[in-house]
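Per TrEMBL, the features are:
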- Met301, Gly303, Gly305, Asp345: Ca(2+) binding site (BINDING)
Amino acid sequence: MAWWKAWIEQEGVTVKSSSHFNPDPDAETLYKAMKGIGVGSQLLSNQAAAFTFPSSTLTSGSPWGHSRCIPAGTNEQAIIDVLTKRSNAQRQQIAKSFKAQFGKDLTETLKSELSGKFERLIVALMYLPYRYEAKELHDAMKGLGTKEGVIIEILASRTKNQLQEIMKAYEEDYGSSLEEDIQADTSGYLERILVCLLQGSRDDVSSFVDPGLALQDAQDLYAAGEKIRGTDEMKFITILCTRSATHLLRVFEEYEKIANKSIEDSIKSETHSSLEEAMLTVVKCTRNLHSYFAERLYYAMKGAGTRDGTLIRNIVSRSEIDLNLIKCHFKKMYGKTLSSMIMEDTSGDYKNALLSLVGSDP
């Protein structure tokens, strides 16, 4: 499934809106689940005193939440049960109810009560989608060094409308232009391809392809790379970033006939480093977006150590779009399920929250 089609695949969603949703009891459950504000709370004590329940009823099945009225310590499982089983829109309503009932910001309270990778995952769930992606881009550029892979991943895999929303959220939250920050933080042909991708010029959902233009583009790519000593990088960048996805698929076919090798092989031989990664990512997202994200998730966990930022970002951002379809491609490509690899590579509440977001195996 190419990237421009993936945004309408409803069967791909792993996290759906909860039926019969009411944000108020969810907010109360979260309040009780967190030790720093729940222990000794006069409000909870008053509520508990007003009713007499057998102790067995004060559990996850009761109207009082997932734990006893006055919990000892943070009940991480209650937090997982609420926040990973509600849509992002519902989480925003829970946050509003939390502040209205208890006078505290839910995200800041979660930050104060949780820690480590589990905190990072749960806090990620609380961001509005475009604000979360804007944050990921900002974090990739702040401080020493730039995480080019994060920038490439987001810019190459989003549609024009989504990129516009991300740019708007970025400027609102950080007071600067995303394009200008990318220009300030990168250089050379990498800077050029990232700025070109940010324009969203590949966004064309029509299936029309001009065979003559596709052939010409394929010939131009061959002339810009394999046919000459050196590489005309701008020709590659212009075609990859300004042609529609359906058109590019035809270009890739024609290119292979001319060059007797895939466009991917030519990019690998003609470019290197982050520019190579950016061009290959455009090609991968054009061919099959779900396979691309399956690959990102696999290599986030393969080998020594886990790239938790990549793992969290892609599971959170795709859970309400196409994670089920990504899971299917993951199993076909690697012979194991995404959830089994998460179980092997993570632990504790962090693992449980990830598995809850991923859902059952295909």
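Placed from the backbone N, Cα and C atoms, the Cβ positions cover glycine too.
Where TrEMBL records a feature, it is marked here on the structure.
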residue : record              : Cβ contacts under 8 Å, 6 or more apart
Met301  : Ca(2+) binding site : Arg307, Leu311, Met341, Ile342, Glu344, Asp345
Gly303  : Ca(2+) binding site : none
Gly305  : Ca(2+) binding site : none
Asp345 (Ca(2+) binding site), number of other Cβ atoms within 10 Å:
17
Chain-mates of Met301, Gly303, Gly305, Asp345 with C-beta within 8 Å of site centroid, Ca(2+):
Ala300, Lys302, Ala304, Thr306, Arg307
